[in-house]
């Protein structure tokens, strides 16, 4: 196993202990101090994120496995996002499947029932390797989600050569629980017994350390965990059944027992008897038992008199469950094997790694002149790009209606919507923008929060909480670290502006290609919101198109610039425009003025028109009504924020309301049932082949 500890960190350990640590102790420290578990290179900046609010029940508190917010009627929404990037690059099926399993266990560790999954997938070009990665990632997610009966209700699928060697596989999960029944992940008192459910095997050895370094391609398959959704279903059902009988619950994720026990003890101590751990193979060494990341395991802190009843529930399913130790008052974590010490380290040492603040330097951005491209060529290239095609092939692999609570299904709108037990509608959306982040990570951080907020508004919802996942290259590289800092600053600023608390998140560094080049910065947010009033149900029909918001000539960091190069200006995020435009859309939904709507983002106005054209309708646009720039390419492909495209029978209402609110809204054209074509001013662009590509590209390419 490769240790990721630096020489300085190893000296700190030796100095604190006053001795040379044993091999097992080095592995223990390596797991707890890994970037994956400790956030040692990011924690200083993560503290700037707003994490409190009137509805927040549980937020970014140390060692809590998920955040929770009040959604009324005595219920709490539990929210979490995770990734399995490195494992998915090595074994995409199991890497993706175990990512789903892990996040489900994070949700049930709060005593919450999982009600919805989202998957945000980013892969490179669709060559043989890319096809293999994507097909197996999709299969892995579907295999686990479908088997345990949790619907995959939405997500993203993006293609960019920056992810050729290092795909990004993000999974988010929402759960629901009585707010008085939330279970903590940490304990407050000694004397509790540590109960472990599930077998421990050899898979996932050193997974936390593996996730905290660049991929080397050498002997890494053993660090990938193996998925068993049928065991996962037992874990989910029994954990929810016994949640009220236990004092704390923790998933055995990164770092295995080493991390779960130490974090659950939360500064107290623990004694673990490794010979009591149920093993899948008899020949596991004590050191491997400590750091194994075998899936489908949970750790419970239980009062002594409740141990037997807790384990009895698992044994009804012939599922292993054993009392393996206890929480102690002495602040020391001890792992024993048949009474002999294997590792014995102070809790403070394990929970207090030296924090890093690396040198940071903003990368010079070359402002290239804008490219001159024929409009027809630009339309074909942008509208046939894989990022904009129908993702039906992907979401058809998932059972998105299991549980019967899914209201807005994948492909039906900009946000997924599920019905909560109290009758309210919960909207969920994940957003990232690697192109904009590669140009300006600060503006990107603001923009992805604003886009998620707008996406929720398209179904009539207003955001109430978000979680983030910050995915970058090696933080020791100054340009990478500066992008990370800038992205956090942008996310923090936008979240504060919209009064949306960040209740959880994850940081994933060391995402690089085989040559050591970092991926484009890819921070991602997943926002949850509640529908205010009416729920929008999009339908395309004949009517007037209204563009809300101003279109600036901002083509740098867009899909257009990725395809054609060149640049121009980077889109500036104007949060007040996003807020006011979202308010107008929600008002329009509640007053019955909207038949179809979409936020304008990827692919610009042209990209927003594509779903209408794909339904067999014609669109006639007057470019003079798209105000803010005289550049026709800017009008069609700029990804300026604060904009919505609305289909309505009452365009005057929108123009009047927008004027009162201080923003722009103009009728820019009409939709007619006249075959798929785009008429821009006096030029007609047939769309039949583009529409055919829209529906056939993904399945045909695989």
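Cβ atoms here come from the backbone N, Cα and C positions, even for glycine.
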According to Swiss-Prot, which candidate in 105, 315, 537 joins 83, 84, 85, 86, 225, 293, 294, 295, 508 at the substrate site: 105
80, 468, 505 bind ATP per Swiss-Prot; candidate in 39, 442, 453, 481 listed for that same site: 39
Listed in sequence order, residues not in 39, 80, 468, 505 with Cβ within 8 Å of the centre of the ATP site Cβ atoms: 46, 60, 81, 467, 469, 470, 502, 504, 506, 507
Spatial neighbour of residue 84 (active site, proton acceptor) that is closest, considering only the recorded positions 36, 39, 105, 106, 251 and their CA atoms: 36
Chain-internal residues near residue 105 (substrate binding site), provided their CB is under 8 angstroms and they sit 6+ positions away: 232, 235, 236, 239, 251, 253, 296, 298
Listed binding-site residues (82, 106, 251, 293, 468), ranked by Cβ neighbours within 10 Å, top entry: 293
Least buried by Cβ count (within 10 Å) of the binding-site residues 83, 85, 295: 85
DSSP three-state assignment for residue 39 (ATP binding site): coil
Candidate recorded positions 36, 82, 505, pick with smallest Cα gap to residue 293 (substrate binding site): 36
